[in-house]
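Some features that Swiss-Prot has for this protein:
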BINDING   S109, L110, L111, P112  (6S)-5,6,7,8-tetrahydrofolate binding site
Amino acid sequence: MTKIIFMGTPAFSVPILEQLASTYDVIAVVTQPDRPVGRKRILTPPPVKKAALELAIPVFQPEKLRTSSELNELIALEADLLVTAAYGQILPNSLLESPKHGAINVHASLLPEYRGGAPVHYALLDGKTETGVTIMYMVEKLDAGDMISQRKIPITEADNTGTMFDKLSKLGAELLMDTLPDFLAGKITAIAQDPEKVTFARNISREQEKIDWTQPGRTIFNQIRGLSPWPVAYTTLEEKPFKIWEATYDDTKVEGEPGTILMDKTSLKIIAGDGTLIVPTVIQPAGKPKMDVHSFMSGAGRNLSKSTRFGE
């Protein structure tokens, strides 16, 4: 049976690991160290570690794999194949070249578009109507290896980064399992990425999280769904942060300054730069838990006036 080392960290990687383990001999799992999570900073294992332990697979958690003692241990396992999916570290050539069949990665974009750590976010932020998964060879340069297989999936108006993560995770697992038999048999010729079509999906900055109400409504709508459920787009209300977790887009055009609110007893609409409307559905005022807009308008939202503007 083919011996595989799997490397991954977030929930995205779990279905891929589980599918691999159902058919192949996963001899080791490498993931990031446990990290403090939440306000109480509780030390929490990555989702992949939890899944690996349930599957009784040995787990390695080096802080920096390149300089760790675990690197030589992994090379000594003499795996047939290394598979990664959102692991989170650049791997050294000594490891990439050690398995018989090399090292491959499951990446959540249609490469060469969106190399980097936030491909799903950027597909939503840019208003794409489709994205997908690419399986490619691992090289030391970020997401630059030759492509082995690729599969597309639509992005709907109702999708956000969270829903697309779930869909792409399942798609990645399916594509990997469909690809591996021919790949291991040497029947697939990989295709080089077109350097002229390369784009990057760098980690989201704090500046990208803040809503600029002078932007067109469609741009703001894509920002909100592209940053949900993490890190969440925000604006300000009376100079305090106000997160918008979920919203819809209304292309009806109205007169008014960007950021101006239109409201009734149960709903809230905000005028964007082109006069179209953002309709928040799930929000989080400063110091409060997230809530639906109806609950907000039945409480603190009753104090808003039509002269109130977001972002001031």
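Any Cβ shown, glycine's included, is placed from N, Cα and C.
Features as recorded by Swiss-Prot, highlighted on the structure.
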residue: S109; record: (6S)-5,6,7,8-tetrahydrofolate binding site; Cβ within 10 Å: 24
residue: L110; record: (6S)-5,6,7,8-tetrahydrofolate binding site; Cβ within 10 Å: 21
residue: L111; record: (6S)-5,6,7,8-tetrahydrofolate binding site; Cβ within 10 Å: 27
residue: P112; record: (6S)-5,6,7,8-tetrahydrofolate binding site; Cβ within 10 Å: 20
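Neighbours of the (6S)-5,6,7,8-tetrahydrofolate site: apart from S109, L110, L111, P112, residues of the same chain with C-beta atoms within 8 angstroms of the site's C-beta centroid are H107, E113, Y114, R115, P119, G132, T134, D143, M147, Q150, Q193.
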